[in-house]
Structures are given as structure tokens and as C-alpha cells.
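Q: The following feature annotations were taken from TrEMBL:
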type	residues	note
TRANSMEM	B:40-61	transmembrane segment
TRANSMEM	B:81-106	transmembrane segment
TRANSMEM	B:112-129	transmembrane segment
TRANSMEM	B:136-156	transmembrane segment
TRANSMEM	B:183-203	transmembrane segment
TRANSMEM	B:224-247	transmembrane segment
TRANSMEM	B:259-282	transmembrane segment
TRANSMEM	B:318-335	transmembrane segment
TRANSMEM	B:347-365	transmembrane segment
TRANSMEM	B:386-407	transmembrane segment
């Protein structure tokens, strides 16, 4: 009988551990801040990738070197992906007070990237070459900010 | 003269037919992320596919048996069935990726959503498999696939730092920003993209469709040993233009449009038109090849009549399998799953399934009763053995690497 | 239409039945692909044990596969049949005109085998025939709906109750005379006794079973390394290591085969050697 009880207790312990371990990891362990920073760094890289794609595609389009259908697909896909990246990071709660500064640094840059992407998209849909050129210039400065932010996260 | 023309045609279609959605996406993705530091894997993969395609083509020409016949007769019904299920799943996943790739290429050309194109492409692939002659199918898409040469031209026009590219390719190392596990994961993916198992099913079954005999061995070898390496060069140029244009800007490849972006930068609208034609032909041709390969493998396992060398009515089960797989692939794509993601998984699962098909080929190519004087020589055997080991290592490593890296994140 | 062959034929005097016959493609006279050799029928006579014919189709394959999947395949086959108690057909080896990488059968056997493929016929009639362009217009001697294709005289005899199959033989536990385990039978060698050379018509004819190879391992059973070592060194070495306890047993040295209990017992003076050491 005792054996059975002991093994039951062991099994119960394992179940509890299995259920609890994600929760343990989630609350306040020292790895948390690092994970949040990691997530921030990935989001910045993603935003850079999508914004650079839009910028390059728009530059080529404004120069008359890329046809509208392909450009609008490229810009549309990258813009959708950009929203996903920004929303994904914004939805993450900073795990501890120290993480607030990371959020405060990253989120505004991501928002600006999203806006720059949107202005590019709008210029393209209006077939407005000048606005597109302007948007790509704006993107350059946002891309610089993204780079600078990425460096601070390393 | 006629013979020379046949050889030249074979080589050209082999070049154009070498690249498919897996090669396009994986090479651009790796080039944009790792530069040329994984170029060696493409080289290793191309030599590997040459070794095994030649072996399977030789076995088909000499013995009249295609790859899955060999799987069944040398692994028996049980291990053969496991192999069939695994290989068919991977080939089907590749078919799904190719149909998605065609739809994405059409989306880029028309800006009509790829989801609307998917059913159209599914029907078109089936129609081609139903009615178009095998030789026409192979030659038309192979030749049109040559439009991808625009990537090599784009590389030359971009005038990259050749020395830098070459030295990165010659001295492979893990970039400082990347983890070794991610590097290894993408090495496995590139290897799988270069050596996809369906290429061997298709190549050997295609040999039987075209009634190869030992006399055609020379032509077959010319196609393999000249066409495939040149196709591999196309793959490398896709990676190199991505390394030149996308890597410095921090662009990660997530869409087919991004694969084409460097070509636009280098050559504008005309170059893009060639690239899109190449995408379309390469993925449509590969969709036909994978669709046929699903049918080939199941029919050969069960001994059913297969092939386009008989009228469709006489290979009813084969054609029903082909139709069903086209329908299922379209169904999967209509769930709005991202075709590029399907492609990324398909190349890794290809790497996992590789040993299943290569061992029986290697064994039969050594069977003197079948092969007579065309049996494997020492070179084919040494390379075959080295690649058997490589293929097993890649296959075993694939799943753990996928888990560790979160599929290359 | 016939796929190319290298012009060779399997050596007639002694060959591995599992390696050269079992699971091979069956090809008709016009090059039609007619199924695989899914099992072989055995007959015990006072003169010895003979391989007399082959079986092809889901029922035989289901038996080889075993497990629920195999049963499911067999049941599906039975459902597709019209007769109340379907029996599997045995195609006599006399109908095999040539044995190379494929098993080539004569016209009549080809027709019978084509008739046996119920799923194919059903799909042709009810699915493919309705799609435009299913017929390529070439002459077709075996059009499925021709009326004179019913099983005829002596071809395609149903598997009789007294007959055994090679898959049963391959599942036998082999024992030494004092009850030591030798593993299971993994390969069977046989020689040609009928056919051209012996004045029995043109076919391959029945094969006399000569030896069995027993092994505790089935791995790589059909790869072709059981009887002769060949191929790349690494594969050869791995398989030799895996199959080092294979034993060759001459059928004349077998004391008894108990099909009921699934046992094969070697005689007291049986010579047991590794198959690679037997010439």
C-alpha cells in the first residue's frame, strides 16, 4: 500500500511541477528582463526589416523602375507585417519596473516606424510620387532611430 | 546535330528545372541573413543531388525500375510503407508550397491576392498533368525557368564587392549576431532545399516516362553533371544578390516580393518581369513535378499502373491520387497559411526524409545482377557513402535544431 | 511502352526468393504494370517444398503488413468483391515468361491480373471515364469492359486450404534440434525445376526450395546482403555486423516444419553456417 501511495504522491508532484513551471518562469525571475529585452530587440529588427523593404520598394517605384502591382504587394505585405510586429510588442506587459524604460525607449520608435510605413503606403495608393519621395526620406530618419535603439538593446 | 540539340535542351531544362520555391526562398533568406557564409552548403547539396540523381537515373535506365519500386522491393512492405507515408507527406508539403509560390508570383504580377489565384493554379496544374505530354511539360517549364538567370545578371550589374563575397564563401563562419544553432538549422534547410527527395523520384520516374535505355546514359549524365551545377550557381546568385542588397539594410526575407527586390534594384521593370516569369515557370514546373511525384511514389509502392506514357484512363488510381493531392494542397493554402512559411518547413522536412530514399538507391546501384557493367564504380560508392552519412546526420539533427531555434527565429 | 531492361535475366539455378521475386513489379506483355508480387504460394509434396505461384493484391499485402492496417486493407478488398466468400487468386509461375527486375507474365495472366484490380476498374468506369480527355486514342487490347476476360482454365486458381505462403514461412521460428533459438526465417533460396530447360513449356515454372536463412533480425532483410556481401563497404559492414548471427540451413537438414505452431526445427546433424561462408 505504502508503495502505491508513494508513487501516487510522486506522480502528483510531477503534475504540479509541470503545471506550475511556466507560471514560475513567468513571475519575477531574473531571466525576465532579459527575455523582455530580447523580445524588444526582435521587434526592432522586424520593424527595421519591414520599413527598409517599404523604403527600397518606394524608391524604386518613385524612380519609375518598379511597376505598381509588384510595389503595392511588397509594400502591403511589409506594412501588414509591421503592424503585427508593433502590436505584438505593445501587447506585452513589461514584467518589472526596470523593464519600463525598455518599453519607453522602444515603443515610440516602433510607433513612428508604423506611421512612416503608413504614409508610404498612402502615397503609393494615391499614385503620388512626390509624397512617396518625401515618405522615403522620413523613413531614413526613422531607420536611423531604429538602428540606434537596436544598439542600446544589445 | 539532332543529338547535340537533345543534349543541349536537356542541360538547359535541368538548369531551369533545378530551382524551385524551396531554393528561391531559402537561398534569399539565408543570403539576407548570413551573407555568403552558408554558400558551402549549396555546394555540398549540389554535389549530393548530382551523385544520387545520376545513380537513380542509371538504375532507371538499366533496370527499368524507378525509385519507389526499389524502396518497396528492398525495404519490404512494412518499412516501405513507413517510407511511403514519410516521403509522400514531404512531397505533398512541397507541392503545397509550389502551388502557393505560383500564386504569389501571380500576385506580384497582378496585385490580385494570392488566395484568389490558388484555386486557379490548382486547376491549371491538374489540367497540365492530365493532358500535356511529359516532354512538353518538362521542356517548356525548364526553358522558361531559365529566366531566373536574371539573378546572375543582376548580381553582375550590382557590381558587389566580389572579393568580400568570395572570401565570406571561402571562410564560412557563424556571423557574430547569430547563434550557432540557427546557423546549423539554416544549413540543414539549405541542404534539404538543394537535395529534395522529390527530385530523385521525379528524375528516375521521368527516365522511365521517356523510355531511357543504357544508350541514353551519356545524355542523362550530361544533364546531371552540367545542368545541376549551373542550377546551383543560380541558387548561389539568388543568395548573393540578397547578401548585397538586403543584408546591409537589415531586410529579412519573409515574402516572395523581397526575393525579387534586389533584381528590381539592379535592373528595374524589365529585370523584374524576367524574375517573375522565372518564379512562375520554376514553381509551376515544380508543382507539376511534385504532383506527379506523389502519384509516382504511391503507385510504385503498390505496383499500380502509373505514368503519362499511357492514356489517363489506364492509370486511373495514379490520376486519382494526383487530383486528390492537388485538391488537398489548394485546401491547405485556402486556410490562409503563409506559403513562404510552408516552404520553410518543407525544406527542413525534406532533409529529414532524405535517408529513406537514398539508401535503397545506393544499394540497388551496387547490385550486379541488375546493373551488370553499369554497377557503381569506386567514385560513386565513396561519394554515395559520404553522402549517406551526411544525409543521416542532417536528418537526425533537423528536429532538435528546429526545437532549439524555434524554427530559425 | 515496355520500360527498358538491361537484357539480363535472374540466374536460374539458385536465387533468393525474397530478394528476386517477393515485392517485385509484375509487368504484362504490352508493358502494363499489373501490381506487385505481394506473396508467394507454397506447396508441400513428397518431393519437397515448392514455390508454385504468386499472389498479388490488397489481401495478400494486408497479410504481409500485419496489424490493424493490414487487416483494414484485407477487409477493404473483401468489401469490393461481389462473391460471398472471396479467395485470393494464385497465378502459377508457369505464367511467368521472364524474371528480371520485373516479373513478366504472359497475355492471359496479364488479363486476369487486370481483371482482379477492382479499385482500378471502378475508378476507370465511374470517375475517369467521366472526365473529358481520359482516353488518348491509342489502341487498347485490354479495354476493361471487354466481356471475355473472366478467369479461365487453370490461371488464377484460388489459394487452397492446404497451401502455405512464403509469408508464413518467413514468420516461422527456427529452432536447433535441442530447442535453441535461431531466430526467424528471413530468406529462402530456390532453384528452377520447370520451364524451358526441363521441358515444361515456356514459363518459369515451380521453384524447389533449397535452403532457408534464419536470423534473429529482420532489419535489411530484402536489401540483398543476406546471401552475398556486395556494395559500399560501410553498408556492407553495418549489415554484416547486424546479421552476424544469420544461419544457413539446408532444407534437407530440416527435421520438421510445424505450420500450426509456426516452428521450424533443424535436424540433429544439421550444418549451421553463416550464409556468406556457404558456397
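The backbone N, Cα and C atoms fix where each Cβ goes, glycine too.
I'm curious about the neighbourhood of these features; can you describe it?
A: Sequence-distant neighbours of the transmembrane segment (B:40-61) (same chain, 6+ residues past either end, Cβ-Cβ under 8 Å): 27, 67, 70, 169, 172, 187, 190-191, 193-195, 199-200, 203-205, 207-208, 212-214, 216-217, 220-221, 224-225, 228-229, 231-232, 235-236, 239, 358, 361-362, 364-365, 370-371, 374, 376, 380, 383-384, 387, 390-391.
Long-range contacts of the transmembrane segment (B:112-129) within the same chain, counting only residues at least 6 positions beyond its ends with a Cβ under 8 Å from a Cβ of the stretch, are 99-100, 102-104, 106, 137, 284, 287-288, 291-292, 308, 319, 322-323, 326-327, 329-330, 333-334, 336, 339.
Beyond the ends of the transmembrane segment (B:136-156), by six or more residues, the same chain brings 9, 12-17, 19, 128-129, 206, 233-234, 237-238, 240-241, 244, 262-263, 265-267, 271, 274-275, 277-282, 284-285, 288, 308 to within a C-beta distance below 8 angstroms of the stretch.
Beyond its flanks by at least six residues, the transmembrane segment (B:183-203) meets 20, 22-23, 26-27, 29-30, 33-34, 37-38, 41-42, 44-46, 48-49, 52-53, 56-57, 60, 66-68, 87, 90-91, 94, 174-175, 232, 235, 289-290, 292-293, 296-297, 344, 347-354, 356-358, 361, 390-391, 394, 397-398, 401-402, 404-405, 407-408 of its own chain at Cβ-Cβ distances under 8 Å.
Under 8 Å from some Cβ of the transmembrane segment (B:259-282) lie the Cβ atoms of residues 16-17, 19-21, 24-25, 28, 101-102, 104-106, 108-109, 140-141, 143-151, 153-155, 157-158, 238, 241-242, 244-246, 251, 253, all in the same chain and six or more residues away from its ends.
Here the transmembrane segment (B:347-365) has Cβ contacts under 8 Å with residues 22, 26, 52, 55-56, 58-59, 63, 65, 67, 70-71, 74-75, 83, 86-87, 89-90, 93-94, 185, 188-193, 195-198, 200-201, 371, 375-376, 380, 384-385, 387-388, 391-392, 394-395, 398-399, 402, 407 of the same chain, all six or more residues outside its ends.
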Q: Are there residues at least six beyond either end of the transmembrane segment (B:81-106) with Cβ under 8 Å to its Cβ atoms? List them, or say none.
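A: The answer is 20-22, 24-25, 68, 71, 75, 112, 114-115, 117-118, 121-122, 125, 196-198, 201, 255-257, 276, 279-280, 283-284, 286-287, 290-291, 293-294, 297-298, 301, 325-326, 328-330, 332-333, 339-340, 342-343, 345-346, 349-350, 352-353, 356-357.
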Q: Cβ under 8 Å to the transmembrane segment (B:224-247), counting only same-chain residues 6 or more beyond its ends: which ones?
A: 10-19, 23-24, 27-33, 35-36, 38-39, 42-43, 45-46, 49-50, 53-54, 57, 148-149, 151-152, 154-155, 158, 160, 165, 168, 193-194, 253, 258-259, 261-263, 265-266
Q: What parts of the chain pack near the transmembrane segment (B:386-407), using Cβ distances under 8 Å and only residues at least 6 beyond its ends?
A: 44, 48, 51-52, 179, 181-182, 184-185, 188, 191-192, 195, 344-345, 348-349, 351-355, 358-359, 362
